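Student: Just passing along the structure, written as structure tokens.
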Amino acid sequence: MMSASFEKVKPLSSLLTPEEKAEFQGYEFPFENLAFEGGGSKGMAYVGMIRVFEELDLMKNMKRFAGTSAGSAAATSLAIGMDSYEIQELLDGDFTRNVYDGKWGLLGRMVGMVRTLGAHPGKRLEKWFADGVYKKTGDRNYTFRQLYQDRGVELCAVSVNLNLMDAVYFHVKTMPDMPISLAGRASASIPGVLQPVKYHEDLYVDGGLLCNFPIHVYDGWFLSMDPTDSFFAQFGSLVGRCDEWDPSERFSTFNEKTVGVLLYSSAERDVMKQSLDHRVAVYGKEEIAFPDSKLCRKIKKKKERHSQATEGMHQAMDNFMKILKDSDTDQNGIISREEFRNALGKKNDNVTLSADDVKLLFECENDPDAIFDVVDKDNNGQIDYQEVVEQAAKRGINLLQTMNGYERCEIKGVTDLFATMADTLLLNVMRITTRNTDYSRTIGINTKYLESFDWNSERADKNFLIQCGKQATLSFLREYIATKNPPRKSTPGEDASATK
């Protein structure tokens with residue numbers, strides 16, 4: 001039986017303007033499922049996304065929720081009936097107390113790592129999940145089965161079973177009697193930081209280890225509640241069925257009713273980042289003003305220093321690469337001295353290599369032969385691509401990095417080491433678990449200067465995250481309308497044919 005809800009945070013005003021609401025009025029969107037990526041302290045951006053759906057009256061259609069790590073908190077909150085204001089209140093304040101609850105300082109954490117496989121026991125985080133569930137349901141041990149029976153809602157929290165070395169999908173179909181709060185705690189159990197969750201003799205850790213963006217969980221038959229997709233129907237025999245356990249088999253059918261929500265900062269790497277940022281550039285309409293917060297000022301100063309040091313160098317190298325492309329007249333991948341002279345001497349209104357560019361890149365006089373001699377490392381009278389790469393590297397430019405679209409990471413200590421290892425793992429897991437077609441059903445929220453562990457952010461930072469969520473969601477809906485042309489409901493007095 002459902003209990004009284006939280007005392008809601010009173011909305012001061014609508015997040016959407018009247019013009020924005022009118023822009024989407026009447027459109028019938030097919031969305032029924034929401035899947036949230038893990039994102040740590042960036043999770044406040046989910047509030048903006050959810051509030052847009054609420055104010056456009058789309059949340060009433062949501063029947064299934066899924067999440068990994070911090071995303072499981074958003075999914076669980078929505079599944080039990082919280083609105084965006086309740087979730088905002090839940091995520092407000094200093095969240096570090098809920099994550100880092102180890103005692104006795106560094107020594108205690110080291111002992112915890114050895115004895116319980118986690119520096120922090122995670123009891124506060126487990127209580128945080130349970131308290132939220134209790135306030136909406138009256139039961140701390142509220143299960144997936146109860147949620148489905150009471151509300152007709154499906155919830156999936158993704159975790160990793162260390163004993164089986166596989167991703168697990170906690171859901172009414174797979175773990176009906178598991179408390180949803182415990183599933184959320186397991187999904188957010190960062191390896192090494194939090195003690196793994198033990199359930200039925202198995203150890204469970206953060207789902208992001210193998211599946212940080214669970215956009216696929218309601219694809220295919222595996223979590224389908226249709227009787228024809230039951231485990232009895234699919235696995236009548238266990239002999240020779242291993243191939244069918246492959247995710248590509250279990251989650252094979254693309255579900256157009258699913259919307260995934262992805263979080264990434266400007267400095268983070270993500271497989272869909274460039275495409276998602278391009279969508280906002282095209283459909284975002286207005287820029288979001290950066291707040292005058294401590295974190296924002298710090299990142300802004302760092303970015304300005306980096307920009308001043310590298311912007312001119314990168315532009316000069318870009319000009320040089322264009323000239324080299326024109327130099328290779330016989331297209332054999334090697335540039336002779338004569339080809340290089342001809343290319344530099346040829347008038348080109350689109351690209352020039354100025355004296356300042358030459359000084360930045362080569363520290364020599366502005367003369368074709370002098371430049372050629374600097375780049376021709378082995379003095380064989382020819383320039384090949386590797387020599388250009390080496391010259392660029394001497395000036396602090398990684399040409400191969402510019403092609404993969406990601407910035408080089410500086411590792412200056414143990415913290416940077418583990419953070420970079422985690423980012424590397426998540427990036428490559430995303431490459432494996434996402435499909436090219438997932439872009440069309442993904443809301444990508446760029447949180448700009450805010451990272452996953454910025455738990456000490458100010459109110460202005462959190463409001464900024466909400467605005468980022470709003471902008472990304474409106475951009476997604478605008479592109480969806482432009483490319484999918486969804487139907488519109490006719491309003492009283494309007495010709496029904498005009499809404500098609």
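A Cβ is built for glycine as well, from the same backbone N, Cα and C atoms used for every other residue.
Note that TrEMBL annotation is computational and uncurated.
According to TrEMBL, the protein has these features:
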type: ACT_SITE; residues: Ser69; note: active site, nucleophile
type: ACT_SITE; residues: Asp206; note: active site, proton acceptor
type: DOMAIN; residues: 34-219; note: domain 'PNPLA'
type: DOMAIN; residues: 315-350; note: domain 'EF-hand'
type: DOMAIN; residues: 363-398; note: domain 'EF-hand'
type: MOTIF; residues: 38-43; note: motif 'GXGXXG'
type: MOTIF; residues: 67-71; note: motif 'GXSXG'
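For each listed feature, how buried is it and what is near it?
Tutor: Within 10 Å of the Cβ of Ser69 (active site, nucleophile) there are 29 other Cβ atoms, across all protein chains.
In this structure, Asp206 (active site, proton acceptor) is part of a beta strand by DSSP.
Mean pLDDT, taken over the domain 'PNPLA' (34-219), works out to 91 on the 0 to 100 scale.
Remote same-chain partners of the domain 'EF-hand' (315-350), defined as residues 6 or more beyond its termini with a Cβ less than 8 Å from a stretch Cβ, comprise 356-357, 360-361, 368-369, 371-372, 376, 381-385, 388, 392, 395, 397, 399.
Note on the domain 'EF-hand' (363-398): residues 310, 313-314, 317, 321, 324, 333-337, 340-341, 344-345, 355, 408 of its chain, located 6 or more positions outside it, place their CB under 8 angstroms from a CB of the stretch.
Under DSSP, the residues of the motif 'GXGXXG' (38-43) split into helix, strand and coil as follows: 4 helix, 0 strand, 2 coil.
Non-local neighbours of the motif 'GXSXG' (67-71) in the same chain are 35-40, 42-43, 46, 156-158, 187-188, 190, 206-208, 211-214, 261, 452; each lies 6+ residues outside the stretch with a CB under 8 Å from one of its CB atoms.
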Student: When a 10 Å sphere is centred on the Cβ of Asp206 (active site, proton acceptor), how many other Cβ atoms does it contain?
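Tutor: Asp206 (active site, proton acceptor): 26 neighbouring Cβ atoms within 10 Å.
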Student: Please report, as numbers and ranges, the same-chain residues at least 6 past the borders of the motif 'GXGXXG' (38-43) whose CB is under 8 Å from any CB of it.
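Tutor: Sequence-remote neighbours of the motif 'GXGXXG' (38-43) are 67-74, 91, 95, 188, 206-208, 212, 263, 265, 445, 447, 450-455, 457, 465.
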Student: Hey, how far is Ser69 (active site, nucleophile) from Asp206 (active site, proton acceptor), Cα to Cα, in Å?
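Tutor: Between the Cα atoms of Ser69 (active site, nucleophile) and Asp206 (active site, proton acceptor), the distance comes to 6 Å.
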Student: Pull the DSSP breakdown for the motif 'GXSXG' (67-71) and write it out as helix, strand, coil residue counts.
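Tutor: So the motif 'GXSXG' (67-71) is made up of 2 helix, 2 strand, 1 coil.
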Student: Reported in the order helix, strand, coil, what are the DSSP residue counts of the domain 'EF-hand' (363-398)?
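Tutor: Its residues divide into 18 helix, 2 strand, 16 coil.
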